[in-house]
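As recorded in TrEMBL:
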ACT_SITE  B:167  active site, nucleophile
ACT_SITE  B:333  active site
ACT_SITE  B:366  active site
BINDING   B:237, B:367  substrate binding site
DOMAIN    B:62-372  domain 'AB hydrolase-1'
């Protein structure tokens, strides 16, 4: 890995594997059942790819929806078909886990605008027969949630026992509770916020500009031209990855340690371990993620401002909410700091909702929600167990 | 400014104006007076460009060296020859200012590896007749300081009344005090640290990769090929710029305000004011700064670890130091947080040095040292006034 530049320029790159052949079940909706987007466009035909775990009970009362983060997908608790790695939240979701698939029917769907089987910018436009690319309409967090609601309708699930998600997944949890309060019994938004901050918009914008600056982006038409903006997307991922960690975690894991040697090489090689690590993060990401999806999904997060839909008063989004909430944050998360979760908790309280709040001591930064955090597991388990009793789930 | 991508791709770009024709006085050193670099290379012939303000007194005791930050230069208190803007630290340096040019002889030199007249990667190599590009040896903060010391020798200044600098300039201040204690009467390191953190190395690495990912970088040979990696450098600058601010300042200045309208456009235009601002920062930067210099100077900061030269014990760098110090930091600076300055203060105390420490309440982030910060001005003035009395400067 010791060379100046990212080794991502493979000639004749293969298309992303999931664009046309999703490895998950798909709910397909015809042109007569379009997804109505906030941008004022009807998207159709369209489809949503999902994974499910466990069994729906006779009362249809035990469904749990897991919402994935920016670069996640529906493979929450099974081996990933592209990377071969374990599901991204197997620590939390599975048999005997806090989100217990022996007890609950767990669903996870790829977001609209994504690249793992749900319709997104890499999908073929029915109008042109070509990939949408930048002709794909902008989507919002509310659009993602609306698509999930249509999936639930299709599957015959009138209401959810719980909605759980971290980061952008937590934004969807909050949107679910606001848009469909009667369909959400319990909600766990983790490391999230009710609006994307100026600093977070700024980081996203740099990532998008890195993608668009890559000449292989071809103004979004790279699929047709048989290339991919690998370097630009890798740079975007490297920058974003820093924001998922914390200075403390970086210092503990890497410090100023040199890579494979005791002294600097006085070069632009990946001298420091942190450099080698980041380059690896960038290079592996481009193998599994579509660059245009990265633009669309970051944009959806930027646009998220739940209070704006309620006259600027967040409490109104949750007024009289029947949902019970467990809000969680991490002390070292500077991307979605505790102050953002606290604002949500205040609004929930003001709206009269039932809410618990846990700030978890961790030095792992924003990424903590994906990692081994026993306090998070214990809080989720306790909250869901109590809610299951209240809901009458055995 | 409302378009998807950075508007930096001007065909037939002019070379950077300062590479061959510096607008400042230059001290030139022949091959027989090389700059000995930490990388084990003798750089020569070489030159250092500088600006000076005020007059050296008969005792040669009133010289103040100002050290510039990453993308700064020698034009500290005069109109910039390229941008036409005021000097970058005219708030602090000038007639009647805390660093009073009516009283002190103020010097500021472009760092080695820079692009405003001092020898750097854009300079012509005497061996090949072509720009050095990546054949330029890696430089360190200590090399920058060594070059400045040779300039002082040339100018007949045996010792400095004071060395002042913020950020990378503050690193040079600390290096000056460690390398040449007998030549530094007083030192003001502001918003600095004695070693670059893992997180800061990570941010630099992303910036470098953004530059190197630009095909117009041409493996560093862009000058000869008549192009410049403008988009890559703009992306690097955008990302870095976020780290110079604070979430509080971004929120106060921009919040989630839309650009020129009340609602989102549902596009990748610069919808948010923060996006437009960042794009402007990126685009204006490439007009005045050389991309390879950006690689070299960021690398110099990465390598900075003052304690490493003293067996890992920072206090040894300042053991028995005759210099008096005034260390300053800003509460909202997360790039060089107060904890870093505090570590310097502890080491100075342990080394037996005379030291004062001021943490300034500000929401302006790292950039605060360049902005209107009356408490910083007052502290600098008070400290220098007292030091001038002790030094016998009228």
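Each Cβ is built from the backbone N, Cα and C atoms, and glycine gets one as well.
On the structure: features taken from TrEMBL.
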residue	record	DSSP class
B:167	active site, nucleophile	coil
B:237	substrate binding site	helix
B:333	active site	coil
B:366	active site	helix
Rounded to an integer, what is the Cα-Cα distance in Å between the residue listed as 'active site, nucleophile' and residue B:366 (active site)?
8
Cα-Cα distance linking residue B:366 (active site) and residue B:333 (active site), given in Å to the nearest integer:
4
Which whole number is the mean pLDDT over the domain 'AB hydrolase-1' (B:62-372)?
96
Comparing the recorded positions B:333, B:367, which residue's C-beta has the most other C-beta atoms within 10 angstroms in this structure?
B:333
Between residue B:237 (substrate binding site) and residue B:366 (active site), how many Å separate their Cα atoms?
15
My understanding is the cutoff is Cβ-Cβ under 8 Å with a sequence separation of 6 or more in the same chain; which residues meet that for residue B:366 (active site)?
B:167, B:191, B:243, B:244, B:245, B:246, B:330, B:333, B:334, B:335, B:336
If you count CB neighbours within 10 Å, which one among the recorded positions B:167, B:237 has the smallest count?
B:237
